Number of protein chains: 2
Amino acid sequence: MSEYADLSPGGPGVGAVEKRFFTFAQDEPFVLESGAAIGPVTLAYETYGALDPDGANAVLVCHALTGDSHAAGVYHGADPKPGWWEVMIGPGKGIDTNRHFVICSNVLGGCMGSTGPASLNPETGRPWGLAFPVLTIGDMVRAQKVLLDHLGVKRVLAAVGGSMGGMQVLEWAARYPETVVSAIALATAAKHSALHIAFHEVARQAIVADPDWNGGDYYHGPKPAHGLAVARMIGHITYLSDEAMRHKFGRGLQDRADFSFSFDADFQVESYLRYQGRKFVERFDANSFLYITRAADYFDLGATHGQGSLTKAFSRGDTRFLVVSFSSDWLYPTYQSRELVQALKRAGRDVSFCEIEAQWGHDAFLLDSPRLSGLVAGHLERTRRDLGRDLRRGLP
Amino acid sequence: MSEYADLSPGGPGVGAVEKRFFTFAQDEPFVLESGAAIGPVTLAYETYGALDPDGANAVLVCHALTGDSHAAGVYHGADPKPGWWEVMIGPGKGIDTNRHFVICSNVLGGCMGSTGPASLNPETGRPWGLAFPVLTIGDMVRAQKVLLDHLGVKRVLAAVGGSMGGMQVLEWAARYPETVVSAIALATAAKHSALHIAFHEVARQAIVADPDWNGGDYYHGPKPAHGLAVARMIGHITYLSDEAMRHKFGRGLQDRADFSFSFDADFQVESYLRYQGRKFVERFDANSFLYITRAADYFDLGATHGQGSLTKAFSRGDTRFLVVSFSSDWLYPTYQSRELVQALKRAGRDVSFCEIEAQWGHDAFLLDSPRLSGLVAGHLERTRRDLGRDLRRGLP
C-alpha cells in the first residue's frame, strides 16, 4: 500500500465540529420491524467535509455498540474530547475529509442525542424506559436512510463501520443496495453467534440485577451504576486479546510491590477494568445498553433478507465490498468474515478481503493502523474512480 | 492407547460414598502464607478404594474452582448426585478404584464442608465473612498435606487435577516433591494470566455490586443471589469454546418460533446461562467464590518457588509429569501448557505432554473422554510399575 504512505492518521483532525439534530416521524409514526411505532424520532449527527456538486463523495460512518455521532474533530468549548475514529477520519487520513463528505449519526435507541429509552415518551411525558420498543439493526439503518434523504444524499460512495457498525454496513448493502456504492465492513459478522449473544446476555443480566435499575425506571433516582459498570467490564475483556492483555498488563501490580491479601485492585488489569466501568457509567444509559445489545443479538442478515441464505441476502444490486478482520480478534474471528466473503462471492459481488495481523484483539479496528487506513483509502479511491467512469458513461 | 481400550468411563461407579471431616489446628493455629493464622481448620473429604499395605497406590484428586470433595460415587439417601469426576474415577476407569486409593478434599476457603468464609469465626461465634484471611493455592495444598499425614499417606502415586485443580497439582510438585511420585496437570497453567485475572475480577465485581452482599456479611439475611448468578454465567462462557457454543446452541430459540421483541430469554444460550446462574446460587457461597478466585489469581509458581523462574521452581525431587491441554480451551490455552512443559524439561523432569483435540473448550477435562482416561490410566500404570521396581531396589 506504498501509494498511501503519506496518510497521516496521527496528523491534524477536522477541527471544530458541531453536533446537529434531525427530527422526523412527527406526523406519521416510524414503524419498527417489530410492528411497534414511535414518533417523533430524533437522530443526532455530525458531518465533516463538503458534499461535491455531483453528490458522489458521501461516506456514511456507522458506530459500534457504545459509540456516538462524534466520530472526528473536537467540539467547541467545554468538551475537547476528540472523535472516536480520529485516527481514520480527517484531512489526509484513511477517510480523507478533504475529498469526502462524511456523515455519522448516533443510532436509534442510543443515548447520545438520538431517540432512545432515555428520551421522553410523548404519550406520558416521562422517559420511555422499558416501554421503548425493542428495535433491530434494520431499524437503525432505516432511520439513517431518512436522515440521508433529508441531507440530500442520494447515494453514498461507501458505508463504513466496525463491529456493530459493520453490521449496519451489511444491513445497508442488503436493504438499500442502490444507495450504497460500496460497503466497508470491519471486524464484524453477518449474524451474531451464540458466544456473542452469551456475552451480551451476561452483561444485560448484570444491569437488570442491579436494584437501582428498577425495571428500567431509574431516571428520577440513582442510576444502576454498579450493574452497568460490570456490563462494561465484561465488554472490555472481549475487546482485548489474550496476547494484548499480556503485553498491556501481564501480572503487573498497580502502585504496590506485593499482594494486599485483600480484595483491592492489586493487579493493573483489575484497576483498568474498574476504571473503565466507572468511566462508562458517566456517559452511557443502562437501558440503551440493553436495547442496543439486543438489536445486535437479533442480527442475522441471511434470515432477514435471504430466507436463511446469506448469499441470497446479497443477491440484489452491485455494491462492492471491502471486508477486514484482525488476526487476534476472538470476538469476531476471521472465520466469520470468511463466511461473509464466501457468501458475497457466491452472490457475484465484487469483494476484497484482508485479515490484518494485529495483536490488539477486537479493539484493533479503532486503533491507529496505517495498514487499515491504507486499505480504506485505497478502496474509496478506486470506488470513486470507477463510479466517476460509470457516471460519465451514463451508467446508473 | 489400545491397551486401555477396556476402560469403562460410562460404567458403574464406586457406589455409595460418605463425606468425612478432619479437623486440625485446634491447639496451634494454621499459619497462612499471608501471615494470618486460623484454627481450628476442618477439611471435608472422601476416599474411594483401599490403600495397599505398601501405601504405594494413593491418588490425590484436586478439584477446580467450584468443585468439592464429592469426586465420585453417590451419597446414601437424599442426595443421589454423582461425583463431579464420575467419568474418570471408578472401577475400570481412568483412575481405577479397584487398584487405587483415591482421596479428594474440599479446598480450604471452600463452602462444601471445609473451613471457609461461611464458617463460624471462633472469636466471634459468627460467620467469618470478609474477616476470613485471603489465602493461596499454597495454603490449600498445605492443608491437604496435613490431611494426608492424618490418613497415613506418606506418598501419593499421583496428584491429579484440572484447571485450579491442576494448579494445586503443580503446587504439590514444587512444594512437596518427595511426597508426589507423579503429577497429572490438566487444562491448567503455572500462573494466572491477565485474561484469567480479568474474568475473575469481573465476576467478583458482579458479587460485590449486589447490595445483598453487604460487605460480605449476609449470612443472616438474603444472599447476593443476583451477583453470584452473574459471576457464574461469566464463568460458564469461559468454560465453553466458540465452537462448542455453536454446536450446543447456535442461534436456536428457546420454546418459541420467533423473537419476543422483549428482554426474555429468547435464545437457548440465554436460557442456559440463566439456569446455570440460578442453580449455582443454591449450592455455592458468594464469599467462597471471592476467596477461591483470589487464590487462583495470586497463583504464580515461578514467583513463589523459583524466585521468578518456573524451571527453578521444579528443580527439586524427581516427580514425573503428565501435562494435558485441550485444543479448543481458550481459557487455559495450549501455549500455557507448553510453557510449563518447557520449564519442566529444562529442570530435567520426566514429562509427557499431550494436546487433545476436543471441541468443548475448557470443560473438556471434565467430560467423558476415552483418550484422556487412557492417558491418565497409562501414566498411573507406568508410574506404579516403575515405583515398584524402585521400591524393590530399595530406592527412595
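For all residues, glycine too, the Cβ spot is worked out from N, Cα and C.
Per TrEMBL, the features are:
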DOMAIN    A:57-367  domain 'AB hydrolase-1'
ACT_SITE  A:Ser163  active site, nucleophile
BINDING   A:Arg232, A:Asp363  substrate binding site
ACT_SITE  A:Asp329  active site
ACT_SITE  A:His362  active site
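Compared over the recorded positions A:Asp329, A:Asp363, the count of CB atoms lying within 10 A of a residue's CB peaks at A:Asp329. If you measure from the Cα atom of the residue listed as 'active site, nucleophile' to that of A:His362 (active site), you get 8 Å. If you measure from the Cα atom of A:His362 (active site) to that of A:Asp329 (active site), you get 4 Å. Cα separation, A:Asp363 (substrate binding site) to A:Asp329 (active site), rounded: 8 Å. Recorded residues A:Asp329 (active site) and A:Arg232 (substrate binding site) have their alpha carbons 18 Å apart, per Cα-Cα distance. Highest Cβ count within 10 Å among the recorded positions A:Arg232, A:His362: A:His362. Model confidence over the domain 'AB hydrolase-1' (A:57-367) is summarised by a mean pLDDT of 97. There are 27 other CB atoms within 10 A of the CB of A:Ser163 (active site, nucleophile), with all protein chains counted.
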